[in-house]
C-alpha cells in the first residue's frame, strides 16, 4: 500500500469519525459512518491476501446493511416527527431498527459473526483500529439516543454478548480472534449500562480502548499472532512480555488494575437501578472471559515452552521498548488509584 493511499485513508478515518461524533443531524451522522467504512476497507485489504480480501468484503457488506438500516430508521422517524435531529428519536419502530443497526455495526450478539473473521483477516494495526476507533462513532450515536432505546432489547443483547463473547473465546488459538471475542464481551458491559448512565459507557469504552491498544501494540512488536508464538516471544522482549501479562489481567478486570474500575462502577450502578439479577449474571459471565485472559497471560510469561527446541534468552536486545507502548501499558495497569478524580467527571 502506497504512503499516499495510507495517508488518505487515515485522514478520511479521522474526518468520518469527527463528522459523526459532532453531528446532530441524521444525514451528517450517516455520512460520517460511510466515510469511515470506505476509508478502512483499503487498510483491511492492503496485504492482498485472499483472507484479507474476504475480510474486507464481509466488513463492507455488514456495514453497508447497517448503514442502510440507520438511514431507513431515521427516515421513518423524520416522517413521523417532522425533524432529523438525532436526539428526537421517538418512534418505537425507528428505535428498534436503530438498535439493530448499531448492534450490527458494533458486533453485538446476535450480529457478531463477522467481527472475529474480519479481525483475523486484518493486519494487527488495522485490527486495533477496528476494535477501538471504528466503534467510537456507533457508540456516540447510542449515547445520543440512549433515552429512547428499548431497554429489554438492549439488555438482552448485552447479556448475550457477555455470554457468547466469553464462551466462544475459550477454544481459540488465534490471538486476534481471542481479542475479537474479548471486544464483544466488553461491548456487552457497555450496552447494559448505557440506558442508566451513558457517561459510564463512554468511560468504559475509553478504558477498554486504552487497554486494548496496549495489548495490540505489544503483540505487534513481538509479532505474536498465535498462542504458540506467544510462548517463545519472551526470549526477545522479556520485560515487555511481563508487562503484557499485567495488561491482560487488567483487561480481564482484576483488582487492583485499571480494568477493575469500569466493571466495579457498572455493577454499582446496576445495583442502584434495582437490577441486581442482571448485575449478578453479567458478573458471573465475565468469569468465562477471565479464563482465556489468564491463558493468554500464562502463555505470555511462560519460560519453558513445551517443545524439544532449547530456547535461550537472547543476550542482546535488538529493539528498545517503544515509549508509546510503555505509556499505554502504564495507564492500563496503574490508573485505579486515580478513580476518585475520574468519578467526579461522570
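Note: Cβ is positioned from N, Cα and C throughout, glycine not excepted.
All annotation found in TrEMBL is predicted automatically rather than curated by experts.
TrEMBL lists 23-287 with the feature domain 'NADH:quinone oxidoreductase/Mrp antiporter transmembrane'.
According to TrEMBL, the transmembrane segment annotation covers 56-76 (among others). Same-chain residues lying 6+ beyond the ends of the transmembrane segment (56-76) with a Cβ under 8 Å from its Cβ atoms: 26-27, 29-30, 33-34, 37, 40-41, 44-45, 84, 91, 93-95, 97-98, 100-102, 104-105, 111, 114, 117-118, 121, 130, 141.
The transmembrane segment annotation in TrEMBL covers 96-115 (among others).
What TrEMBL lists as transmembrane segment is 152-171 (among others). Within its own chain, the transmembrane segment (152-171) has Cβ neighbours under 8 Å at 96, 99, 103, 108-110, 112, 116, 177-178, 181-192, 194-195, 278, 281-282, 285-289, 291-292, counting only residues six or more beyond its boundaries.
Per TrEMBL, the feature transmembrane segment maps to 178-196 (among others). Panel annotation: around the transmembrane segment (178-196), residues 106-109, 112, 115-116, 119-120, 127, 131, 135, 139, 142-143, 146, 149, 151, 154-155, 157-166, 168-169, 172, 204-205, 208, 212, 215-216, 251, 262-263, 266, 269-270, 273, 278, 282, 285-286, 288-289, 292-293, 296 of the same chain, lying at least six beyond its termini, place a Cβ under 8 Å from a Cβ of the stretch.
The transmembrane segment feature in TrEMBL is assigned to 202-219 (among others). Within the same chain, residues 124-125, 127-128, 131-133, 135-136, 139, 143, 175, 179, 182-183, 186, 189-190, 193, 225, 230, 240, 243-244, 247-248, 250-251, 258-259, 261-262, 265-266, 322, 324-325, 328-329, 331-332, 335, 342, 346 sit at least 6 positions outside the transmembrane segment (202-219) and bring their C-beta atoms closer than 8 Å to a C-beta of that stretch.
The transmembrane segment annotation in TrEMBL covers 240-258 (among others).
Under the heading transmembrane segment, TrEMBL lists 278-299 (among others).
Summarising the annotation, TrEMBL assigns domain 'NADH dehydrogenase subunit 2 C-terminal' to 290-343.
Marked as transmembrane segment by TrEMBL: 320-343 (among others).
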Are there residues at least six beyond either end of the transmembrane segment (240-258) with Cβ under 8 Å to its Cβ atoms? List them, or say none. 182, 207-208, 210-212, 214-215, 218-219, 221-222, 233-234, 264, 286, 289-290, 293-294, 296-297, 300-301, 321, 325-326, 329, 331-336
Long-range Cβ neighbours of the transmembrane segment (96-115) (under 8 Å; 6 or more residues past either end): 33, 58-59, 62-63, 65-67, 69-70, 72-74, 76, 89, 130, 135, 138-139, 141-142, 145, 149-150, 153-154, 157-158, 160-161, 163-165, 180, 183-184, 187-188, 191
Other parts of the chain folded back onto the transmembrane segment (320-343), taken as Cβ under 8 Å at six or more residues beyond its ends: 203, 207, 210-211, 213-214, 217-218, 221, 237, 239-240, 243-244, 246-247, 250-251, 255-261, 265
